[in-house]
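Look at TrEMBL and you will find 67-86, 98-118, 138-158, 170-187, 221-242, 254-277 tagged as transmembrane segment.
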Amino acid sequence: QSFFQRFLLWADALDPLLLLKSSNEIKRTRLLIQTNEKNLSEPIQNNQTKQAFLLSLSSVHPDTDKIIPVLFRPPAFMPITLPLVIVSSVQRQAKHSFFWQFVFHTYTTAFTLVNGNGTSKAEQYSLQQKQLLLGLGAISYSACVGALPLTFMNRYALKSSSMQLVVRRLLPAPLFGLTSAFTVAMVRSPEFDNGIEVMDRNGKVVGMSKKAGEKAVMETALSRAVLFGTTFFLPEVLMYFVQRARFVKNPRALGPVRMFVIMSVLAGMLPVSFSMFPQCGEITRADLEPEILSSTEETEFFYNRGI
């Protein structure tokens, strides 16, 4: 699929109304897809099958075939992160900033863990324990880094307009982008430590690849950095022009306008972020480990990138 096709697909799959579907409805849609899987054009030509595919994409993990908990399904990502983004962007005290960024990174890290590749092979207990420790460390570190500029500014009483501009307007975008990518890389690091399953074009698993795991994690981290970097940067630019052009004459209305702008940017960037790279990633023969190549003559291989 092209980027535009993936964007349209995710725009439909991120519909919050899909969260209202019951487990029984989701299981029936999976059965419908399995019944029609031999006809590759069916999801496009048949509206019922298309809706079943969208529900499956938004509710079922492609590796484990298990139904994803409601709070961590893709359609729940925006309703939950939106208030956290808004609250995090208006904090003036370092302690409050640390708390809300800790909550923000806790949710996004849990979402990343639930929706990552599910084929990393290791002892289940040790893998979960390692991911939990890595995730907690990454969340704490990211929240500290995010609150550091406010701590520095308040401690040394740096109240100049230029310092206010840098700390409260310019720094949040790169910091949130980098820390969001960092938490993705840390919590999913077992995927490039242990490798993930790669398949041929017929869906047959040909081996475990650390290089495919590294590619999957890095692509997801980059897409998350773009998502939150843009979500924190673009509203600041737009609000600057709104205030300069005096489109909003009542100062009290700036708050609601700012919230609307943040919501609009996040709503637009979420399908863009999910669509930057195909969820079914592709890796060439030249990029795989020799031990995998010795068992097959295929030239193209596929894996679940995760989101």
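Every residue, even glycine, has its Cβ placed from backbone N, Cα and C.
Those TrEMBL annotations? Automatic predictions, nothing curated.
If you look at the transmembrane segment (170-187) against the transmembrane segment (254-277), you find fewer than three C-beta pairs under 8 angstroms, all six or more positions apart, and that falls short of contact. At the 8 Å Cβ threshold, with sequence separation of at least 6, the transmembrane segment (221-242) lacks contact with the transmembrane segment (138-158), having fewer than 3 such pairs. The stretches the transmembrane segment (254-277) and the transmembrane segment (67-86) meet in space: the count of Cβ pairs below 8 angstroms, excluding pairs fewer than 6 apart in sequence, reaches at least three. For the transmembrane segment (138-158), same-chain residues at least 6 beyond its ends with a Cβ under 8 Å from one of its own Cβ atoms are 88, 91-95, 97-99, 101-102, 105-106, 109, 164, 166-167, 171-172, 175-176, 179-180, 182-183, 186-187.
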